[in-house]
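J.: Dropping the structure in here first, questions after.
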Amino acid sequence: MTKQMLLENVSFRYGKTGPLIVDHVSCEVYSGDFIGIIGPNGGGKTTLTQLMLGLLQPVCGSISTYSVQDHRPLSIGWVPQHFSYDAAFPITVKETVLSGRLATLPWYGRYTQEDHEAAEEALLTVDLIDYKDSCFSHLSGGQIQRVLLARALAARPEFLLLDEPTANIDPVNQQKILQILSALNKHCTILMITHDLHHTAGCFNRVFFMNKTLTTLADTTTISERFCCNTFGRCP
């Protein structure tokens, strides 16, 4: 297995004197992992992923990333929990997915043929290619979540971070997203925050329980809400 991310004694707080939100967390993530991140609200799960993305900087400790592609930085895709948009803005599904390619635009700022091909490939992956010309705001909540996943996939990442991608959507789209992620895991490392242990625990090869500190649970077959409450005193 190839190491893709290493966290060593990472801590984070907001402000100079605030309490630690992430408290001396250490872990390793390997190529091909499908890791669930569980824990109570306020336990630091989202903050941990923002540190992994480089959106926040730790007050101590270090985060190292390693690409399986020589001489390139690790490419990370990100699917946030909350996504705000103006429902009156007439953007199509494909245009939304294309925005995931903004970081790769050439100096003249126009999407290339490769960008369009990557966007359509991502829409095929999430089974929404027939909606590419539809207005984004006309989609259901579950379809929107799949479009956001496609937007992350458009950049063809090696490593995918998701913050509760199956929360507050219908069961059909929940199952669809989990099937898509399981297929993607054949060539993409995945870390996913979730509260839905009943449907998701079987997807993971490891689980991180995050409540300011981090505990790694290797046997995912025994993980349940009751297990977490009994073991850690807090429920996810």
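Note: Cβ is positioned from N, Cα and C throughout, glycine not excepted.
What Swiss-Prot shows for this protein is this:
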type	residues	note
BINDING	Gly39, Pro40, Asn41, Gly42, Gly43, Gly44, Lys45, Thr46	ATP binding site
DOMAIN	5-236	domain 'ABC transporter'
J.: Name them in sequence order: residues not among Gly39, Pro40, Asn41, Gly42, Gly43, Gly44, Lys45, Thr46 whose Cβ is within 8 Å of the mean position of the Cβ atoms defining the ATP site.
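T.: Same chain, not in Gly39, Pro40, Asn41, Gly42, Gly43, Gly44, Lys45, Thr46, Cβ within 8 Å: Thr47, Met210, Asn211.
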J.: Name the secondary structure element type, per DSSP in three states, that contains Thr46 (ATP binding site).
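T.: For Thr46 (ATP binding site) - judged by DSSP and reduced to three states - the answer is helix.
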J.: According to DSSP, does Pro40 (ATP binding site) fall in a helix, a strand, or coil?
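T.: In the DSSP reduction, Pro40 (ATP binding site) maps to coil.
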J.: Tell me, how many other CB atoms lie within 10 A of the CB of Thr46 (ATP binding site), whichever protein chain they belong to?
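T.: Looking across every protein chain shown, the total is 19.
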J.: Measure from the Cβ of Gly44 (ATP binding site) and count the other Cβ atoms within 10 Å, all protein chains considered.
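T.: Here the count is 23.
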J.: Can you check how the pLDDT averages out over the domain 'ABC transporter' (5-236)?
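T.: It averages 88.
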J.: Across all protein chains in the structure, which of the binding-site residues Pro40, Gly43, Lys45 has the highest Cβ count within 10 Å?
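T.: Max Cβ neighbours within 10 Å, all protein chains included: Lys45.
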J.: Among the binding-site residues Gly39, Gly42, point out the residue whose Cβ has the most other Cβ atoms within 10 Å, with all shown protein chains included in the count.
T.: Gly39
